[in-house]
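These come from Swiss-Prot:
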TRANSMEM  25-45  transmembrane segment
TRANSMEM  91-111  transmembrane segment
TRANSMEM  126-146  transmembrane segment
TRANSMEM  170-190  transmembrane segment
TRANSMEM  205-225  transmembrane segment
TRANSMEM  267-287  transmembrane segment
TRANSMEM  290-310  transmembrane segment
TRANSMEM  330-350  transmembrane segment
């Protein structure tokens, strides 16, 4: 009997019919707290890694080796006043940050941490993740519009165009994964990557989707960077052009919610990429299968997040027209071509996903 089965049986005996509701709330709370801690220390890791790339130390004053720096940053933002511009639309101005951060949390309902460990193991998990993650753009648009500032509105318009453009290529990448796995269930997609010619020899990592679907993996990950408005696609909040984009008139915790959503979305994109293309909780080699699946998922997500940060420290910011051209004239045609190629591949005698 697994740990979850033991907890379920004990809780049912203790609380009866109320236990499923209590257990669901406990799991949601645990996942939310862990995500918040991950965001706090992802920001510290970003500052440290970029510091090392710049040949400097990074934050090292608050706590041992700077480990308490995220807590100091949170306290600073909590103590700052939320100053609302006189010309802003009050309620829309206050609702916008919530509309950005809630979808970022909601996506975690369907992401499997290991076999059987998922908040909601629904059959349409992939569709749910794509739909929910698309809602955040409305909060960005409302933030730019409610501030009644030309800089904020320009940033919001850029965000809307950029997110819609790259959602198309991300959607094509997810369709290709759906074609190969034959299911929208994220746990089922991970399970479909655990068998194959290479997996039978213990080389599990060669059976994952990243190898046969490499162009889709690259397109999905780069589109994910653009979706989260991260460097080098951060023209939405381009400091040298429009100050801070849609967040220019926000302060205190309202401002912090936008940053919280950005970093949660980074983790979401990395977790989905690991699940869809890198085998999720699967071990890279058969002899390492004794290691808990969540350890492998965390390791893969950490690696992909480090690539996010490396891109920020390495590449210059694209011009807005270059970003649009990349999405519409390069990524979408590549996705359509590879979609057709994979379709013929699946129908041919050389199908490796049987």
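Every residue, even glycine, has its Cβ placed from backbone N, Cα and C.
Same-chain neighbours of the transmembrane segment (25-45): 59, 66-67, 69-71, 73-74, 105, 108, 119, 260, 263-264, 266-267, 305-306, 309, counting only residues six or more beyond its ends whose CB sits under 8 Å from a CB of the stretch. Sequence-distant contacts of the transmembrane segment (170-190) (same chain, six or more residues past either end, CB-CB distance under 8 Å): 110-112, 115, 118, 121-127, 129-130, 209, 212-213, 216-217, 219-220, 223-224, 227, 275-277, 279-282, 332, 335-336, 338-339, 342-343, 346, 353. Through the fold, the transmembrane segment (205-225) approaches residues 166-167, 169-170, 172-174, 176-177, 180, 193-199, 232-233, 269-270, 272-273, 276-279, 282, 284-285, 304, 307-308, 311, 327, 331, 334-335, 338, 342, 345, 352 of its own chain, all at least 6 residues removed from its boundaries and within a Cβ separation under 8 Å. Counting only same-chain residues 6+ beyond the ends of the transmembrane segment (91-111), those with a CB under 8 A from a CB of the stretch are 31-32, 35, 84-85, 118-122, 125-126, 128-129, 132-136, 138-140, 142-143, 145-147, 186, 249-250, 254-255, 257-258, 260-261, 264-265, 268, 271-272, 275.
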